[in-house]
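Participant: Residues or ranges marked as domain 'RCK C-terminal 1' by Swiss-Prot: 192-276. The domain 'RCK C-terminal 2' annotation in Swiss-Prot covers 279-361. What Swiss-Prot lists as transmembrane segment is 1-21, 26-46, 65-85, 96-116, 119-139, 158-178, 371-391, 393-413, 439-459, 464-484, 493-513, 530-550, and the listing cites sequence analysis.
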Amino acid sequence: MSAIALTVSMLALVAVLGLWIGNWKVYGVGLGIGGVLFGGIIVGHFAQTYELVLNGDMLHFIQEFGLILFVYTIGIQVGPGFFSSLRVSGLRLNCFAILMVIVGGLVTAIIHKLFAVPLPIILGVFSGAVTNTPALGAAQQILTDLGSPPQLVSQMGMGYAMAYPFGICGILLVMWLIRLFFKINVDREAKEFDSSHGQNRELLQTMNVAVRNPNLHGLSMQDVPLLNSDEVVCSRLKRGDLLMVPLSGTVIELGDYLHLVGQREALEKVRLVVGEEVDVTLSTASTVLQTARVVVTNEAVLGKKIRDLNLKQKYDVAITRLNRAGIELVASNNASLQFGDILNLVGRPESIEAVSAVVGNAQQKLQQVQMLPVFIGVGLGVLLGSIPLFIPGFPAALRLGLAGGPLVVALILGRIGSIGKLYWFMPPSANLALRELGIVLFLSVVGLKSGGDFINTLVNGDGLAWIGYGAMITGIPLLTVGILARMLAKMNYLTLCGMLAGSMTDPPALAFANGLHPTSGAAALSYATVYPLAMFLRIMSPQILAVLFWTL
């Protein structure tokens with residue numbers, strides 16, 4: 001068997017064994033995707049025992065490409081809501097992430113001085129304890145530049161391997177302990193997150209209002225500012241027995257009934273000006289009007305504003321709601337359409353059919369993945385991650401790397417949605433498949449590389465001590481920040497888990513946190529909110545420690 005075929009076979013074996021281990025449950029808690037790392041360690045140990053030669057270049061490529069796939073799909077998933085989340089809670093989350101990095105650095109410094117651990121070893125243990133491979137690379141580079149002996153620099157990888165497993169398990173353990181200590185109900189936390197940060201808060205309400213203000217009599221709809229705002233849509237007007245879709249030029253009369261859509265606060269403002277809320281049905285049943293939901297798939301309308309389509313004037317059809325990535329938005333005239341947007345329409349059946357043709361409504365397109373934007377995004381991400389950032393006094397340039405670059409680009413592209421005929425929408429099933437494939441490949445290779453000397457160092461060397469140091473570097477910051485965030489900041493548990501995973505730049509921990517609730521995106525959103533800054537600080541921190549302690 002060729003080296004390439006053998007390498008692929010070993011990776012498949014690692015994935016099967018690791019996923020099986022990940023399904024084991026102890027008191028309802030399992031390693032999940034993190035089990036792949038231990039599958040890799042087991043297979044790696046026996047591969048070295050039986051002197052199996054694997055293709056090193058291929059393993060390196062698979063490890064990096066798997067990580068790129070994982071972080072890119074995470075960015076595409078959370079991109080639409082990332083920047084709004086950053087404005088709402090990003091400062092608080094990133095402050096906790098900074099605190100975690102600082103506490104981890106202090107614990108590392110104390111262990112280094114208290115137990116006289118060689119600087120290269122403690123930096124390797126530190127990188128493994130915080131599960132950050134780019135930090136290991138940065139530490140190796142700066143120590144080499146500072147003149148550290150090559151044999152000590154090479155031992156950093158073993159320190160990393162010793163600390164990495166507990167770095168993976170430790171964060172899962174802390175999440176579990178916080179859940180037990182605070183007696184947290186995950187379903188309740190998910191509902192609370194939805195109500196305060198997204199779905200339920202953004203769910204639109206309706207109100208039927210009777211026109212009682214005589215000052216409005218004789219005015220057209222476009223002459224009433226509140227009825228033309230970006231916060232409220234008037235989708236139906238009832239006059240006597242006639243139900244119609246109001247156009248911008250429709251004249252308002254006293255006694256008219258208006259069906260309004262918007263958030264409660266905005267609806268109340270309109271009610272105060274227009275008249276009073278009434279319990280009158282403005283249903284389309286038994287009328288010439290009907291309602292329908294259509295999806296935007298036509299590339300020709302992507303990026304266009306609802307005003308520019310002029311659907312009301314052309315087809316006598318009103319867009320009452322716009323659902324984007326599970327969040328309902330007011331279909332204001334200034335709203336731009338993105339691929340996958342779901343529109344609620346009101347109008348005559350033939351008019352709705354015409355509007356459906358305009359926006360696309362091709363359901364099968366939602367199951368297709370445009371591969372060109374995927375590789376454009378990955379390529380741009382790799383380029384961004386490769387840009388060096390030179391800081392005076394640091395001999396090694398800082399980089400976002402292959403993990404940070406694709407994530408940042410994916411967040412931006414996910415927020416933009418589309419450029420011309422290119423759209424970055426990805427069906428949830430395809431996104432999940434690529435994400436899981438990426439993290440399995442990454443952890444399989446990390447486990448294989450660590451497994452060879454793992455047992456020998458653990459049993460005959462200083463492996464146990466290194467594991468202990470790593471456990472402290474992992475556990476103390478996580479417990480400190482986790483308890484503070486829950487007790488003082490009253491942080492949502494799922495948001496907290498995502499923040500902890502992002503602060504540790506730990507994809508397996510995010511996979512575990514995502515698995516705590518099947519539908520909530522809270523963990524992924526907070527992970528992406530803190531990840532870019534945390535990655536930068538994780539890359540900088542071992543370099544700062546190396547510079548500080550090299551001369552001491």
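Each residue, glycine too, has its Cβ placed from N, Cα and C.
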Participant: With Cβ distances under 8 Å as the criterion, find the stretch in 1-21, 371-391, 439-459 that has the most pairs with the transmembrane segment (65-85).
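Facilitator: Most Cβ pairs under 8 Å with the transmembrane segment (65-85) come from 439-459.
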Participant: Can you name the far-off residues of the same chain, 6+ from the ends of the transmembrane segment (530-550), with a Cβ under 8 Å from a Cβ of it?
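Facilitator: Sequence-remote neighbours of the transmembrane segment (530-550) are 71, 93-94, 96-98, 100-101, 104-105, 108-109, 112, 119, 123, 126-127, 130, 132, 134-136, 138-139, 142-143, 146, 393-394, 396, 398-401, 403-404, 407-408, 411, 499, 502-505.
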Participant: What parts of the chain pack near the transmembrane segment (464-484), using Cβ distances under 8 Å and only residues at least 6 beyond its ends?
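Facilitator: Tertiary neighbours of the transmembrane segment (464-484) are 96, 99-101, 103-104, 107-108, 111, 115, 117, 121-122, 125-126, 128-130, 158-159, 162-164, 166-167, 170-171, 173-175, 177-178, 181, 457-458, 496, 500, 503-504.
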Participant: Do the transmembrane segment (493-513) and the transmembrane segment (1-21) share at least 3 Cβ pairs closer than 8 Å, excluding pairs fewer than 6 residues apart in sequence?
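Facilitator: They do not touch: fewer than three Cβ pairs between the two stretches lie under 8 Å.
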Participant: Give the one range among 1-21, 158-178, 439-459 whose Cβ atoms make the most pairs under 8 Å with those of the transmembrane segment (119-139).
Facilitator: 158-178
Participant: Find the average pLDDT over the domain 'RCK C-terminal 2' (279-361) in the predicted model and report it.
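Facilitator: The answer is 85, the mean pLDDT of the model over that range.
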